[in-house]
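Features reported for this protein in TrEMBL:
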- 7-28: transmembrane segment (TRANSMEM)
- 89-106: transmembrane segment (TRANSMEM)
- 191-208: transmembrane segment (TRANSMEM)
- 220-239: transmembrane segment (TRANSMEM)
- 245-264: transmembrane segment (TRANSMEM)
- 284-302: transmembrane segment (TRANSMEM)
- 308-326: transmembrane segment (TRANSMEM)
Amino acid sequence: MSFSKTIEIFVSFSMSLIFMMVMISSSVEAYSYIKGETPVEAHCPGEYCGRIRLDNGNWSSCQSCPRGYRANESSSCALCDSEPTFYDGMYLGFMGLLSLLMHWVCIDRHARSARFTVGIVVQHLSALAESVLAAAGTLLLTEPIGSVRVTSCRVKSLADWYTVAYNPTPNYEQTLSCTQEAVYPLYSMVFLYYTLSLVAMVTIRPWLAARYLPGSGSRAVFTALYFFPSLVLVHAIFAGILYEIFPYLVMVASVISVAVHYACQLNQQMRALVLHSVTELRSAVIVLGHWLLHAYGLVAVTQLSRPLLHSLMLLLVPFPTVFYIITVRFTDPARMGTS
């Protein structure tokens with residue numbers, strides 16, 4: 001086939017394709033909606049744009065719903081009056097435990113002591129008290145203010161956490177800004193909690209650190225001043241992803257962490273590991289804490305929907321620890337290549 005013939009076929013095919021696209025586009029109707037106020041409820045583009053009932057009885061133009069409201073099926077901003085689900089509560093608990101565990105790890109690392117002293121225990125209890133006070137303050141400052149009861153919008157999908165990425169552009173004309181907290185108050189409560197935790201820490205901890213654990217106690221406070229902004233940034237970006245995967249993240253992290261704890265012991269004999277876990281208070285508390293975290297993740301996954309079966313599953317929580325202790329002798333490098 002000659003070059004000129006090839007060009008002719010290509011041009012003919014291109015013209016046919018353009019003609020088909022023009023015919024298809026001309027047959028597609030543009031998206032239509034009422035752009036301004038309307039006396040009746042009218043649908044809005046996008047999933048998160050809604051209309052607010054005005055004082056004159058009309059409905060507003062399409063916009064983001066106020067805090068504590070979410071667009072319903074008819075694009076009307078409806079008040080979020082649902083109770084948080086069990087899973088929602090477990091998620092908020094996880095975000096609270098995250099900062100508390102980081103406090104405890106920092107205190108333990110900076111203390112550099114193989115045993116619990118009075119100063120270390122006081123610092124740990126202070127971190128716990130700060131977290132409890134911050135949690136109580138968060139509940140009281142969340143609508144309805146002054147009550148520990150919380151109303152929320154139900155989480156329907158991962159997109160609910162990232163409404164900023166779903167602002168519609170009808171007919172590619174003007175982008176409607178409908179960014180809002182569709183998961184109210186699961187997103188804002190965590191920011192409030194971290195803020196109150198930081199305030200409680202800088203108010204209480206320095207006095208106790210100077211009195212009971214000078215030096216290392218202050219370093220733990222300074223470290224917290226760094227990890228709090230990190231937690232805020234992680235929550236701001238990955239809140240939706242953490243909401244979906246936190247139970248599995250907790251279980252995997254607890255298994256890895258308890259393995260690291262035992263791997264750091266100098267004596268890797270099975271008997272020595274068992275005795276160290278039972279006779280050393282610090283080691284016993286660390287192992288028990290890992291078990292509780294693993295159980296927390298398991299409860300979050302199952303949500304105890306079948307109470308008897310899922311309660312029995314909690315008996316498997318110590319299995320990773322027992323498995324490590326039993327099989328540790330097979331990982332001894334001195335035994336490699338020997339019968």
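Every residue, even glycine, has its Cβ placed from backbone N, Cα and C.
A contact between the transmembrane segment (284-302) and the transmembrane segment (89-106) is present, since 3 or more of their C-beta pairs, 6 or more residues apart, lie under 8 Å. The transmembrane segment (245-264) shares the most Cβ pairs under 8 Å with 308-326, out of the stretches 89-106, 191-208, 220-239, 308-326.
Only pairs six or more apart in sequence are counted, and the transmembrane segment (220-239) with the transmembrane segment (308-326) gives fewer than three Cβ pairs under 8 Å, not enough to call it a contact.
Beyond the transmembrane segment (191-208), the same-chain residues lying 6 or more positions past its ends with a Cβ under 8 Å from any Cβ of the stretch are 95-96, 99, 103, 122-123, 126-127, 129-131, 133-135, 137-138, 141-142, 217-218, 220-221, 224-225, 228, 231-232, 235-236.
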